[in-house]
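K.L.:
According to TrEMBL, the record shows the following:
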{"type": "DOMAIN", "residues": "10-202", "note": "domain 'Lon N-terminal'"}
{"type": "REGION", "residues": "396-427", "note": "region 'Disordered'"}
{"type": "COMPBIAS", "residues": "399-418", "note": "compositional bias 'Basic and acidic residues'"}
{"type": "DOMAIN", "residues": "687-875", "note": "domain 'Lon proteolytic'"}
{"type": "ACT_SITE", "residues": "S780", "note": "active site"}
{"type": "ACT_SITE", "residues": "K823", "note": "active site"}
Amino acid sequence: MSTPLLPSSLPLLPLSPPQVLFPHLRATIPLTSSQLALVFDAVQSNLGGKGGNGERGMVGVIPVDKSDRRIGRWGCAGRIKNIQKSDEDDKYLLVVEGLTRIRLPRSLPPILSILPSIPIPTSPFSLPLPALSPSTTNLLPFAIQLLPTQLHARVSTLPPSLLADILVTILGVEWDLKIEVLGIPDVEMRGDRVKEIFLDIMSLRGISPPDDISSEKDKNKENSRVKSSISNALILRPKQSSVISSSKSPNNDPLESLPEDLQPIYTLFKTRIPTLSNSANQVVKRELSRLAKIPPQSAEYGVSRTYIECLLSLPFKLVSENYEIDLKDARRKLEDDHEGLEGVKKRVIEYLAVYRLKRQLFLESQEKKKIPLLEAKVDNKDDRELEKNLLSLVPSSGRRSDSIVDESSKEMTQKDELDGNDGPSTDVYRDKGPILLLVGPPGVGKTSIARSLATSLGRKFHRISLGGVRDEAEIRGHRRTYVGALPGLLVQAMRKVGVSNPLILLDELDKVGQSGFHGDPSAALLEALDPAQNWNFHDHYLGEVSIDLSQVLFIATANTLESISWPLLDRCEVIECSGYITPEKLAIAKRFLLPKQIQECGLNNDLIQLDEGVLEKVVTDYTREAGVRSLERQLGKLCRTKAVEYSMSREPITTEQTKSYNHKVALEDVEKILGVSQYGREKPEGKVKPGVVNGLSYNGSGNGGVLIIETLLVPGGSGRLVTTGRLGEVFRESIELCLTWVKSRSMSLGITESPEQDPLKGINVHYHIPEGAVHKDGPSAGIATVLAFVSLLTGREIGTDIAVTGEMSLRGTVLRIGGVKEKVIGAHRAGVKKVILPRSNRPDVEADIPELVKNEIRFVYVDKIEQAIEEVWGKEIWVNGGKDISSAKARIDARL
Ligand SMILES: Nc1ncnc2c1ncn2[C@@H]1O[C@H](COP(=O)(O)OP(=O)(O)OP(=O)(O)O)[C@@H](O)[C@H]1O
């Protein structure tokens with residue numbers, strides 16, 4: 001037989017599923033008349049060339065998917081054998097016989113909806129068509145088992161290269177697998193691959209493999225592992241089959257023959273193999289071999305490549321070295337970086353001490369396990385390796401942090417924890433302690449404390465801001481099938497830090513969205529934070545590759561506990577960081593904020609000096625916050641102004657005003673630089689009118705302060721109560737309740753002369769709380785409201801240095817309220833000297849309020865509203881010592 005030569009270029013014909021054209025076999029391609037005309041033109045142009053007879057009627061047949069997208073990089077050159085008219089209108093059937101496999105050039109566009117006018121060049125492949133030569137691959141035993149008996153004699157005479165293609169075609173192997181087989185030009189490799197496919201088909205059909213193959217199969221453990229995971233589908237899915245193909249001996253590694261554009265990523269993969277988990281390793285191999293079959297121009301190529309790059313950048317087995325924690329060092333660092341916050345620092349040191357102790361005990365127990373091994377001197381390879389692993393876990397003393405240790409060498413023999421289902425390996429220390437949750441108002445140093453903790457532990461630090469996370473996919477990632485899919489925040493964090501044991505700060509835990517239309521982000525966080533599950537965390541983007549979060553140390557911050565879901569809160573140990581009082585703010589400003597701002601403005605201590613009292617003025621008159629952020633901004637303004645002055649004084653041509661620079665900032669300069677004080681003006685007037693009382697508020701984000709209650713009598717009314725100031729329903733109900741109580745005691749308070757008299761006859765009462773734009777709610781202004789009404793109706797004032805808080809029941813019992821610490825600290829900032837509050841809140845005051853505040857404020861605890869009234873105006877306020885109440889009540893009762 002003469003060996004035909006392929007022409008230097010071929011017209012292309014797309015072939016849609018389920019057909020795949022193999023050499024020496026035929027395919028029937030339906031075409032419209034216009035497509036057929038194109039085929040004729042293209043074939044004609046081939047004839048016009050130098051090609052002889054052999055080239056006549058040759059085309060390249062390319063597998064495409066249902067949407068006409070080219071699949072894979074391989075096709076089959078074929079010769080047109082016949083053209084028939086189909087029964088359908090304007091449809092012709094082109095019969096093509098396969099000649100040889102052709103590799104498509106990379107420049108080929110991915111879409112082949114119709115025959116392209118530009119034929120593909122085949123020059124590098126214009127080889128003589130291969131003759132059917134016998135090969136060592138023997139697929140015959142399979143053919144005999146799988147085909148009917150009458151075909152046995154015929155197939156036994158076929159050469160193995162043809163047999164592989166024929167068997168794949170006639171045994172109804174899945175289309176994807178046929179494409180894969182088409183893409184294996186090497187006869188022997190193709191035979192092996194087809195053998196594997198048949199083994200799987202047989203095991204699924206319950207047919208035992210041919211004898212000589214079964215013994216070979218026993219040797220291949222991995223093969224059987226993959227097969228056992230195959231579902232009930234009759235034929236292997238391509239992803240599983242490629243797992244099998246990737247387990248071939250390294251000499252036959254199909255990845256070695258990857259196209260040029262994939263070589264850099266393959267080289268990266270080879271260098272990263274020791275640090276990848278088993279599953280990641282397998283998946284990258286599989287994806288690489290899949291990628292080789294996808295045209296680079298296709299969207300899928302980009303998706304798959306990004307996925308591989310993501311997997312290769314994850315730190316599966318990389319850890320930053322844990323070194324022995326030095327508690328003294330840690331304490332010093334916390335002291336150096338933070339002023340005050342004594343309770344928080346103490347708790348952080350306790351945490352470090354417990355962590356160190358648990359880790360030491362763990363390492364000691366590992367050491368003990370190692371000794372019998374050493375004594376037994378077992379000459380067993382596995383045991384020797386285990387011994388090596390244990391030894392490598394003993395930390396080398398004195399080594400400092402941040403050096404990234406490649407644990408691969410010691411972990412290569414460990415059970416790959418990510419792939420097992422029995423739990424994480426027990427040879428690495430994992431802290432199962434609660435997650436520290438720092439709660440407090442903004443700007444009190446929560447983030448800064450977490451950062452210091454990371455440094456003390458020698459861990460890499462990463463902050464994830466959870467504020468506004470509404471979509472579960474932001475935590476758990478998007479499935480790769482979505483356009484623009486990304487891994488979740490946790491996987492992105494791991495990628496960024498590059499080690500699997502960082503300290504991750506979950507900032508603003510209270511701002512995470514709850515369950516809703518986009519899933520439940522806090523439930524996804526729960527899984528990530530649970531030590532029982534997080535060693536095997538599944539991100540949607542990573543698919544079947546799980547990531548180990550069990551070595552990550554999580555710390556969270558929040559402004560309030562109210563909006564945190566309780567299962568999440570249950571995993572946390574809450575540490576409260578309360579707002580600062582003025583002396584603390586002054587100390588922080590002196591030690592940290594001012595030096596920092598001076599430095600940032602390019603000045604030094606010789607170039608700027610604040611006069612006595614300047615700092616205090618800035619703290620008290622220009623800021624009213626729990627933290628120190630706005631204080632830092634104000635100090636920044638002062639420093640910048642001085643920097644401008646100084647810079648101008650250095651200009652070569654100076655005017656009279658600019659040439660002299662005064663490094664001092666005097667008390668009177670503060671107003672010139674920072675403007676008129678915002679809060680100084682708001683200071684309570686020395687003497688107020690009756691009906692005005694200082695209540696106390698807590699705004700939920702950690703800030704507390706004075707809430708001025710204003711009431712006014714409006715003549716000519718009908719006894720109506722008008723409330724303004726954006727008050728919530730609970731607040732309004734509480735005001736009505738208080739007014740009812742005051743009315744019921746109007747006679748004993750001296751407001752009316754007889755119990756029948758209406759104290760609001762002919763008048764209305766207007767109740768207002770300033771800052772009308774801010775929503776206010778809650779019942780805790782109860783006592784303050786009663787005092788405001790009593791003051792208004794009796795015409796007696798209340799001192800501005802008194803603040804009152806507490807809920808009241810209809811009978812006048814004073815009830816416990818929340819947010820005492822923030823309220824009292826806020827009151828202290830506003831210069832309040834006496835606070836009246838429920839007796840049941842006494843433990844809160846004693847435990848939470850800083851000593852300095854306790855020394856400067858007098859606390860009066862009350863059980864009944866009458867005690868609060870007496871505390872303000874004395875017992876004399878009662879007419880007849882309040883005795884008429886019962887008689888008045890008796891008279892009202894009798895009338896009713
Ligand atoms: N006790 C302190 N000692 C020194 N600096 C402090 C202290 N408290 C706060 N700061 C400084 O105040 C600034 C704000 O602190 P940080 O960002 O840690 O606040 P935060 O409590 O995390 O706020 P948020 O709740 O808004 O995230 C930082 O520059 C920090 O160094």
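Backbone N, Cα and C atoms are what each Cβ position is placed from, and that goes for glycine too.
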K.L.:
If one measures from the C-alpha of S780 (active site) to the C-alpha of K823 (active site), what distance in angstrom results, rounded to a whole number?
P.N.:
11
K.L.:
Taking 10 A as the limit, how many CB atoms besides its own sit near the CB of S780 (active site)?
P.N.:
29
K.L.:
According to DSSP, which kind of secondary structure is K823 (active site) found in, if we only use helix, strand and coil?
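P.N.:
For K823 (active site) - judged by DSSP and reduced to three states - the answer is helix.
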K.L.:
Over the domain 'Lon proteolytic' (687-875), what is the model's average pLDDT?
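P.N.:
Its mean pLDDT is 88.
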K.L.:
For K823 (active site), write down the residues of its own chain that are at least 6 apart in sequence and whose Cβ falls under 8 Å from its Cβ; none is a fine answer.
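P.N.:
In sequence order, L696, S697, Y698, G704, G705, T805 meet the Cβ cut-off.
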